[in-house]
Ligand code: NBP
């Protein structure tokens, strides 16, 4: 019987939790996993949570889906996803939908969507954020695909998505083909940046101000009750408050300080370079992870490179300064991420609504934060903002924070504590507010050695100076 409202292929941690989430919301869910034992395992542990239709064969799985069929893939990104798409496409009929909820690169999603569209199938590349717990209890869902597919798929996804404080589901169709996976990628990039900034705040307060992890845990807890309210601050308070059972030491002191990465930060930066969008916060965060795990360089220089010899006096307001610098730097990171989404939306003709995008990040996902309400309002009031920093509320927050921000960055430099996130965010702020940038010198250099020409501030046209000759200027 073709009764299942939706099906899930891939029953590892994400797939099985999403399948359970669908079932708990009253949907009949077809489930399939390449290794059938995993399907049996899930059914015996959770089969009583709702209506599941397990299949051992993919053909039976497809046959159990009601038309238009909706099969959500939650398998390893890359080759596994392509293999499953090929197998499903063979069994499906025009009008059916394949939804990829894995962490695919948006270029792959564009390729897959185009190939399946040729066959009359809908391909919905969907970002899913919130980790295992989110998948079960309500993730933020970022679908990209045809408007037609969203008509019947949207209500199912919206039902299982997290709900924002105002009750709105954290799931919106972001645009065609790669739009959803692109937004998920930038979400992860912002996540990298946010985590790095919080790490720097910890480092400044621990190494700089000598505050112990247990105290810092309380401080982050307090910050979480104010304008920094966010999942990542909450998680940080938990991590810093945890004691290692084996040694009795703060957990943070027994963890090897080499940050891992699965690649979405790198993808974000690579794409930003292609689009020419300065996502300096995400880039610094990605490189900071690379530096932390660059064992050869760290071990080979740690005893050679000396730091400041004099003790750095901290400003009396240091703790509050760090909080303000963190908030301002976070806003810069989000502003840069939105710039990248806007640039890609124009490049690929996706028509992404930045207000809808920020609204769907308000709950369920890793970067959920209280201030996303303010960001949503800013984009909704003026979708044409040249930058999030131009929204009156954010202009005020960052300009009000600048004294504290400067004290933190300069104190960090004097104390020898690396703050690539805070420093680059402040440099970005100063770059934007500078009426003249040294790019004029760069243009001169480029024209000098490569005849790359330049424009003038006082008249229209393109010019070149005869640097090797009599230095007369020619209009090109
Ligand atoms: P994994 O990424 O660990 O993938 C395991 C699943 O892929 C199993 O069901 C496995 O089947 C299946 N699979 C593989 Br591997 N190769 C296959 C093939 N050739 N044909 C069919 N099935 C194949 O699972 P996960 O951690 O649940 O993540 C699923 C997706 O969700 C990934 O793309 C991931 O990037 C994304 N994601 C994960 C998180 C998270 O927090 N973990 C968050 C958001 C998104 P088997 O049992 O037969 O080996």
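Start at 1 and count along the chain as shown; that gives each residue its number.
Just so it is clear, glycine is given a Cβ too, placed from its N, Cα and C backbone atoms.
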What does TrEMBL list, out of 103, 108, 188, as binding the same NADP(+) as 10, 11, 12, 13, 14, 15, 33, 34, 35, 75, 76, 77?
103
Among the recorded positions 130, 191, 192, 289, 452, whose Cα is within 10 A of the Cα of residue 103 (NADP(+) binding site)?
none
Go through 12, 14, the listed binding-site residues, and name the one with the sparsest Cβ surroundings, counting other Cβ atoms within 10 Å.
12
What is the separation, in Å, between the Cα atoms of residue 35 (NADP(+) binding site) and residue 130 (substrate binding site)?
25
Site of maximum Cβ density within 10 Å, from recorded positions 184, 187, 289, 452:
184
Can you list which of these binding-site residues (10, 33, 76, 187, 192, 452) have a Cβ closer than 6 Å to ligand 1?
10, 33, 76
Hey, which of the binding-site residues 33, 35, 76, 103 is the loneliest by Cβ count within 10 Å?
35
